[in-house]
Amino acid sequence: MYIANLRLQNFRNIPIKSFDFKNSINFIVGKNGSGKTSILESIYFLSHSRSFRSSQLNRIINHDSDEFIVYTKAYNPDEVVISLSRKKNSNNISKLNSEIQKNHTEITRVLPIQLMNPESFNIINSGAQQRCKVLDWGAFYLDKTFLKIWQQTKFLIKQRNSALKQNYPKAYINGIDKKLCEFADILDYKRQAYFIKLKPKIYEVLSQFNPDLKLDIDYFRGWNSHKSLVQVLEESFDSDNRYNVTNHGPHKADIVLTINHKPIQDIFSRGQQKLLICAIKLAQGEIHNSENENKCIYLIDDITSELDNTHTKTLFSYLKNLKSQVFITTTEENKIIDFLDLDSHIIEI
């Protein structure tokens, strides 16, 4: 997949604008506040039906309007047209090839996105939920049945927590547990299947950034690996009931990053953590591209401020080898001169 044209109308500070892109590395150059990140945000919005910058979606609509529209013409290799619009205090309206979508799942599947921005580098310190999203992104594209299993598991955990808060009888909660454990085991299997592919690829990519960086990468399914979830939920029932929350299960899954059994955030420098996140994101894209004709698109916001010149060069080299379409924002064109080639495309904002 690559985006050939993007049209924005009343999106953030862009009243109306059309952009043409290449199926290569596209550099978006402009001053702070010029709308560079808004272009990345609009592409991300097309894929996910949400923003990576704000949960207040009405704020995305230009203050002089009551609706924004994002439209793109992409190729995979056939032409694909995706549009998304939103009026103030209303819901998003998504269209794929002019057909209104009941949900956004198919568009997300058609338009796979990897985002790398300053907030991405907080994955290591943000808790298990953010790291688990790495697994779920990959499993979603690897296995078409994953989403339904994930949704059903999430529903059952929510139902169980609600039952705990309302002091439902234990027999009722046991009924929920039976269904939950069935779906949790399937979800665990699918996450593990992706993790088995991801782990060696992370090591491979990380070695290209810094061969001296060593760490252990392990998968935690969310409960004791030596016990069934049925047993764990039974043993933890009194505690769960006391605090009105399910403390064990697939919602607690994690990618555990350690050195000598110590969390890497206590050992890795900020710079080393950035390299690890780059390796994770690139590994995900490489796995995706190797198993899908529909290649992953990278959105990279102001990466030159996060990495030094040597590691930025390694990143660009790897991205070129992935043959993914890439969008990179920067405030200073002179910072990217060393990385330009005949296939590069510069858009000045």
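Using the three backbone atoms N, Cα and C, a Cβ is placed for every residue, glycine included.
Per Swiss-Prot, ATP binding site is recorded for GLY30, LYS31, ASN32, GLY33, SER34, GLY35, LYS36, THR37. Sequence-distant neighbours of THR37 (ATP binding site) (same chain, 6+ apart, CB under 8 A from its CB) are ARG53, ASN117, ASP301, ASP302, THR329.
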Count the other Cβ atoms sitting within 10 Å of the Cβ of LYS36 (ATP binding site), across every protein chain shown. 24
Between the binding-site residues ASN32, SER34, whose Cβ has more other Cβ atoms within 10 Å than any of the rest? SER34
